[in-house]
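Structure, as C-alpha cells:
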Amino acid sequence: MNRHLWKSQLCEMVQPSGGPAADQDVLGEESPLGKPAMLHLPSEQGAPETLQRCLEENQELRDAIRQSNQILRERCEELLHFQASQREEKEFLMCKFQEARKLVERLGLEKLDLKRQKEQALREVEHLKRCQQQMAEDKASVKAQVTSLLGELQESQSRLEAATKECQALEGRARAASEQARQLESEREALQQQHSVQVDQLRMQGQSVEAALRMERQAASEEKRKLAQLQVAYHQLFQEYDNHIKSSVVGSERKRGMQLEDLKQQLQQAEEALVAKQEVIDKLKEEAEQHKIVMETVPVLKAQADIYKADFQAERQAREKLAEKKELLQEQLEQLQREYSKLKASCQESARIEDMRKRHVEVSQAPLPPAPAYLSSPLALPSQRRSPPEEPPDFCCPKCQYQAPDMDTLQIHVMECIE
C-alpha cells in the first residue's frame, strides 16, 4: 500500500502543468511582499516579441519537463522491475533456505542414526573379539587333548607294529622249518636208495609218524578253528563298531580299545600256537634225524612219505592262507582306525562348534545359571555318563585348589596358574 501511494505521489509530481494557470505562473508570481509581480513590459512595440519569446521558453520548458517525466517514468519502471526481481530472488533464496534447513535437519538425523550404528558396530566388534578369544582358548585346550590322544594312538600303533614284526619273525621261522623239511625230504630220498632193511621197524616208525601227523592235523584244525573264531570276532567287532559309532562316538573309543586288546590277545594266542607248532616241527626233525639211518625205499614208506608231503603242502598252504587273512584283517583294522580317527575329528569339530554356538547364545541372551558340568566338556562325557548324576565332578586346580564350575574354566585357570 505504501508502495502504491508513493508511486501516485511521484506521478503527480512529474505531471506537466499546462493551460492558463501555468501561463499565469510563468508570467507572474507573488512577490515576497504579497503583491503580484508584474512583468515590466516595454512599450507596445516590444510586447508581442516578448510574449512570443516567453511562449517559446514556456514550450521549451514543457518539452524539458516532458522529457524529464519520461526519463523518470523509465527509471520508475526500471525500479519496479528491479524490486520485482529482488522479490523473486528473495523468494527463491527463502525457498533455498527452507530446503537447506530441511537438508540440515535430515543430515542431523542421519548423523544420529550413523552414530547409533557405529556404537552398535563397536559393541558387535567387542563381542566378536571376546568370541575370538574364547575360540582361541578352546582351540588350545582341544589341541592339548588331541596331542594326548595322538600320543596314545602312536603308542598303540608302535605296539601293533611290534606284534606284526614278531608275527613276521614267526613266519620266517616257519619258512625256515619248511626249508629244513625239504632238505630232510631230499635226504630221505638219498637214504631211500641206500637202505632196504628193517621194514617192521619202519612200519612202527610210520605209525609213530602217522600219530605225529594226526597230532599235526589236530593242531592245524585247532588253528583253523581259532582262525574262524577270530574272523567271527572280527565281524562281530566290526558290527559292534558300526552300531557303536551310530549310538556314541565317544564311547566307541574305549570299546575299540578293549576290542583292540582282545585282538592283541588273539594274536598272542595265534603266536603261541605257532610256537607250539614250531616245537612239534623241531621234535619231528629230531625224530627224523634219529631214524635217518634206518629209512629205506619201500612202497609203504614211500606212500606214507607222499601222504606226509601232501599233508605238509596242505598245511603250508593253510598257513599261507592264514597269513593272507591275517594281513587282510590287519588292513581292515588300519582302515577302521583311520575311519575312527576321521569320525573322532569330526565329532570333536562338531562338539566345538556346538559349544561355541551355545556360548554365543549365552552371551547374547540374559545371564543364566551355570550349566551342569557334564555339558561343558564334550571329551569328559563318557566317564560322566557312567558316574551317578547325584555326584557332581570335582574340577579342582592341583596347584592352588581352585574350584572351577566346568572343565573349560579349569583348563584356562590351570594354564594361567602354571604361567
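Each residue, glycine too, has its Cβ placed from N, Cα and C.
Taken verbatim from Swiss-Prot:
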MOD_RES   Ser31  phosphoserine
MOD_RES   Ser43  phosphoserine
MOD_RES   Ser68  phosphoserine
MOD_RES   Ser85  phosphoserine
CROSSLNK  Lys139  ubiquitin cross-link
CROSSLNK  Lys143  ubiquitin cross-link
CROSSLNK  Lys246  ubiquitin cross-link
REGION    246-365  region 'Self-association'
CROSSLNK  Lys277  SUMO cross-link
CROSSLNK  Lys283  ubiquitin cross-link
CROSSLNK  Lys285  ubiquitin cross-link
CROSSLNK  Lys292  ubiquitin cross-link
CROSSLNK  Lys302  ubiquitin cross-link
CROSSLNK  Lys309  ubiquitin cross-link
CROSSLNK  Lys309  SUMO cross-link
CROSSLNK  Lys321  ubiquitin cross-link
REGION    322-343  region 'Leucine-zipper'
MOD_RES   Ser376  phosphoserine
REGION    382-419  region 'Interaction with CYLD'
MOD_RES   Ser387  phosphoserine
ZN_FING   389-419  zinc finger
BINDING   Cys397, Cys400, His413, Cys417  Zn(2+) binding site
CROSSLNK  Lys399  ubiquitin cross-link
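For the recorded Zn(2+) site, residues Cys397, Cys400, His413, Cys417 set the reference point as the centre of their Cβ atoms, and the other residues of that chain within 8 Å of it by Cβ are Pro398, Lys399, Gln401, Tyr402, Leu410, Val414, Glu416. Among the listed recorded positions, namely Lys283, Lys399, His413, the Cβ with the most fellow Cβ atoms inside 10 Å is that of His413. According to DSSP, the region 'Leucine-zipper' (322-343) comprises 22 helix, 0 strand, 0 coil.
Just so you know, the Cβ of Cys417 (Zn(2+) binding site) picks up 13 other Cβ atoms within 10 Å once every protein chain is counted.
Cα spacing between Lys292 (ubiquitin cross-link) and Cys417 (Zn(2+) binding site): 78 Å, rounded to the nearest whole number. A straight line from the CA of Lys309 (ubiquitin cross-link) to the CA of Lys302 (ubiquitin cross-link) spans 10 Å.
Around the Cβ of Lys246 (ubiquitin cross-link), a 10 Å sphere holds 9 further Cβ atoms from the protein chains shown.
The secondary structure of Lys283 (ubiquitin cross-link), as reduced to three states from DSSP, is helical. A mean pLDDT of 84 is what the model gives for the region 'Leucine-zipper' (322-343).
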